[in-house]
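These notes concern the structure reproduced below.
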Amino acid sequence: MRALGAVVALLLCGQLFAAETGNEATDATDDSCPKPPEIPKGYVEHMVRYHCQTYYKLRTAGDGVYTLDSNKQWTNKVTGEKLPECEAVCGKPKNPVDQVQRIMGGSLDAKGSFPWQAKMISHHNLTSGATLINEQWLLTTAKNLRLGHKNDTKAKDIAPTLRLYVGKKQEVEIEKVIFHPDNSTVDIGLIKLKQKVPVNERVMPICLPSKDYVNVGLVGYVSGWGRNANLNFTEHLKYVMLPVADQEKCVQYYEGSTVPEKKTPKSPVGVQPILNEHTFCAGLSKYQEDTCYGDAGSAFAVHDKDDDTWYAAGILSFDKSCRTAEYGVYVRVTSILDWIQTTIADN
């Protein structure tokens with residue numbers, strides 16, 4: 001518990017209790033904290049304030065200040081005897097992307113700028129991406145989860161075949177995978193870990209958006225472990241800046257027409273992406289950089305300057321453009337937000 005951001009109580013003076021074992025008040029008065037002098041017509045009130053460790057924040061309502069009542073119970077004005085809880089901070093990388101230097105050849109070196117980025121390895125040793133959205137859950141694509149499996153393979157049989165890494169090659173165990181109920185048209189799935197991961201400089205979830213950031217021309221950042229220009233899987237996490245594209249132009253590019261009877265059966269790269277109301281497209285960067293095989297499951301991360309927070313606007317679904325096609329395709333996170341929240345709450 002301590003490693004995962006356990007609550008820390010600071011004694012102002014007087015008495016303190018063991019925060020991790022309950023709400024029993026224990027006399028801790030000694031010479032290091034002498035009893036304060038009394039004043040006429042006044043009284044002394046014992047108070048503690050709870051804080052969370054670095055990379056965690058108080059989730060419970062109230063200000064974290066507790067006073068000792070006449071029954072020797074610590075209580076908060078808002079929450080009563082209920083102890084506060086700490087949750088992981090999201091979308092606040094210690095080394096944000098604008099502090100990272102571009103390296104030769106247009107490749108981008110991400111030194112902890114994308115702590116939500118995870119690497120997933122299939123049982124056929126194929127690399128794909130996943131995105132940490134809280135201490136125990138990740139988003140990825142349904143296609144990633146099914147890599148090397150038949151379409152009718154059950155989720156419970158898929159989970160044990162996957163290897164997942166966060167931070168600096170820290171392997172984490174998967175408890176279960178859950179597919180979106182309409183995963184043939186919504187290419188998304190959730191991964192639940194057996195244990196919560198400790199959040200730190202290298203491991204931090206990205207925030208889920210409460211509003212839609214997908215506007216044509218908006219630039220997002222996509223990191224990944226996918227194939228490089230030589231079509232080899234990279235050993236170093238890279239990222240690229242990509243603009244949101246016009247959806248109608250993207251549909252016309254891959255399908256030939258927005259009129260169903262005029263659609264062509266084949267896209268310019270030989271594989272047809274899923275394009276519907278749950279998706280959006282992003283084009284090439286101004287340096288003609290792009291995502292490629294193995295990057296799917298990574299977030300289209302946008303930085304909201306108003307609250308200095310990073311949000312996952314999309315999850316890369318179609319990663320086969322590799323600079324040979326004009327657009328990558330992403331699942332729009334706001335369109336699946338209710339499903340994400342309900343699924344996590346139910347599991």
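In case you wondered, yes, glycine gets a Cβ from its N, Cα and C as well.
Per Swiss-Prot, the disulphide partner of Cys86 among Cys52, Cys90 is Cys52. For the ranges 91-96, 259-264, 319-324, the feature annotated in Swiss-Prot as region 'Interaction with CD163' maps to 259-264. For Cys281, the disulfide partner recorded in Swiss-Prot among Cys207, Cys250 is Cys250. If you measure from the Cα atom of Cys250 (disulfide bond) to that of Asn125 (N-linked glycosylation site), you get 31 Å. Looking only at Cα atoms, Cys86 (disulfide bond) sits nearest to Asn183 among the recorded positions Asn125, Asn151, Asn183, Cys281. When the alpha carbons of Asn183 (N-linked glycosylation site) and Cys281 (disulfide bond) are compared, the span between them is 18 angstrom. Cys250 (disulfide bond) counts 23 other C-beta atoms within 10 Å of its own C-beta, drawing on all protein chains shown. A separation of roughly 39 Å, to the nearest angstrom, links the Cα atoms of Cys52 (disulfide bond) and Asn125 (N-linked glycosylation site). In the three-state DSSP reading, Asn183 (N-linked glycosylation site) counts as coil.
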